[in-house]
Amino acid sequence: MTDLAHIRNFCIIAHIDHGKSTLADRLLEFTGTVSKRELMQQTLDQMELEREKGITIKAQAVRMRYKALNGEEYELNLIDTPGHVDFTYEVSRSLAACEGALLVVDSTQGIEAQTLANLYLALEANLDLIPVINKIDLPSAEPERVRQEVEDVIGIPKEDCILASAKEGIGTQDILEAIIKNIPPPKGDLNAPLRALVFDSHYDAYKGVIAYLRVMDGSLKVNERIALIASESSAEILEAGYFHPKMTSVGELTTGEVGYIATGFKNVKDCRVGDTVTVPSALGTIQPLAGYEPAKPMVFAGIYPVDSNDYPELREALDRLKLNDAALFYEPETSNALGFGFRCGFLGLLHMEIIQERLEREYNLDILATAPSVAYHVTKMGGEVIEVDNPSEMPSFGEIEKIEEPTMDISIFTPSRYIGTIMDLVTTRRGIYKDLKYIEAERVLLTYTMPLAELIIDFYDQLKSRTQGYASLDYSFAGYLEADLVKLDILVNAFPVDALSLIMHKDNAYYQGRALVEKLQKLIPRQMFEVPIQAAIGSRVVARETVRAMRKDVLAKCYGGDISRKRKLLEKQKEGKKRMKMVGSVEIPQEAFMAILSLGDNN
Ligand SMILES: Nc1nc2c(ncn2[C@@H]2O[C@H](COP(=O)(O)OP(=O)(O)OP(=O)(O)O)[C@@H](O)[C@H]2O)c(=O)[nH]1
């Protein structure tokens, strides 16, 4: 057990790609926690998917021992935070476990949207900040400019910025010394009843749910009973320890420390991020640590097995993923076009992508996903309010008094030369202008309120491509606003395909309906007969295209020919069919269900 004065708990916050993981690696290496040889490119990003996508998904914690220049040894706990906006709640819980943060800014870029978003969260959590200007080894680095920017925008004197290269290991010791000097040691009452904050948790097949904790008061020991305030669950501590970076069991964690406990819980929902751990005898007498909020899904999509025989496997895979992901929501749903599947709710687009990829890769399932949607608040004529997250379940418009949709506050950092094109993009997405602030002579911060439904349909890609990748984006939930929305139905061969229905603004429905049927016409393969594709609002058809009938049978070519070639051709066709669904009498490929996402593309 280390006395409080020799403990420092900190995290690293940064915009994506500014070097957070690389810096963490250098700190682990410098303190001898991990040897260079052991150091994989990114030790903290353990999941394969994370490495491939180059993003940090789950918050983690590593303990380091550091002998400072003053001759004393310190226990440093580095808490890794997820870098993506979908996981803001997890970021804020990780920050609540720390007293300070390294704010990493790329010296070739400067402050970006997530630098500021994370900074605000850190300030809310009362953290002391150490700015680190990273990547100074690069020829395009402008450390002086970025330092000035930190002073102007964040208000930290530029002399306090540490110049570093996480790649080359420049500045590592200065950073460690600054952590000792500028970040306060934890406070807390060792003699009070246990209070510990769960800032992350994951399910382990052998040990049950592992909770990552910051002990605020009191202490905990293996074999003791604990109670969780928000989850109203209780368990026995099977193991307690810290990460070094592997799990190291020590049997006890005390005030100010960061570590893990194994609980034996079978599901992370019993031990969620943000919950407070205490002892059963203190229940009802102690205050929970932070206002606990269950994660709320914001983006919804239908997920269906391509082969309907895989339905039980899909259910099982979702059950398993849910064990580890309290934010994932799903319930069975049936579609006239796609059969039996699930309506799933996600924190955001990235969360959705991750789940879809895991279903495919880890569970080997061929799935078909519908275009993402948001949850509308619909007031019916009689005054009843319902939530509709599936366009095909929208009541008919005669029954509706009003529809409200979720809106987001968005902030965009961009070189000023792109202001025009961004304004244009945001306006076509029904964004409402709020503010424009010059950060420097040539960089601005634009803020808007925009419907979430417009944000999830390839907004980010459009923003990136219009600004050659220079603009960065951050968003947070703003509230529900009434809007003039309609449901656009798509009919393929006169058959309404519910999974292709969309909710959109009345003013865009005609144009988008047109664009969508044109896109579908290209995506739906020719059949033996002519297939009309129509977009309709209620009973009014607003656009129509036709997929012409196939002229030749593919096998006709092989008539009398060599049989192995014929088999190959059939196999190839089968392969192509994998991602097709028979709807009525027409085969529709997966791309068609996602066509709305790429209406901006011209291919
Ligand atoms: N030249 C140079 N490259 C660096 C430095 N630090 C990080 N990088 C590179 O920048 C890229 C992003 O670094 P990461 O450490 O993965 O960034 P991150 O902030 O952890 O990214 P996320 O996990 O996506 O949030 C990688 O290709 C690193 O090799 C540096 O000091 N100098």
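In case you wondered, yes, glycine gets a Cβ from its N, Cα and C as well.
Pulled from TrEMBL, these are the features on record:
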BINDING   D17, H18, G19, K20, S21, T22, N134, K135, I136, D137  GTP binding site
DOMAIN    5-187  domain 'Tr-type G'
Legend entry - Tertiary neighbours of N134 (GTP binding site) (same chain, Cβ under 8 Å, six or more apart): A14, H18, G19, T22, L23, V104, V105, D106, S107, A164, S165, A166
Inset, instruction - List nothing but the largest Cα to Cα distance in Å, as a whole number, among the residues D17, H18, G19, K20, S21, T22, N134, K135, I136, D137 that the record says bind GTP. - result: 17
Inset, instruction - Taking a cut-off of under 6 Å between Cβ and any atom of ligand 1, tell me which of the binding-site residues D17, G19, S21, N134, I136 pass. - result: D17, G19, S21, N134
Legend entry - Same-chain residues at least 6 apart in sequence whose Cβ lies under 8 Å from I136 (GTP binding site): S107, P143, L163, A164, S165, I170, G171
Legend entry - Segment confidence, the domain 'Tr-type G' (5-187), expressed as mean pLDDT: 86
Legend entry - Which listed residue (D17, S21) has most other Cβ within 10 Å, given these are binding-site residues: S21
Legend entry - Cβ neighbours of G19 (GTP binding site) where a neighbour is any other Cβ within 10 Å: 23
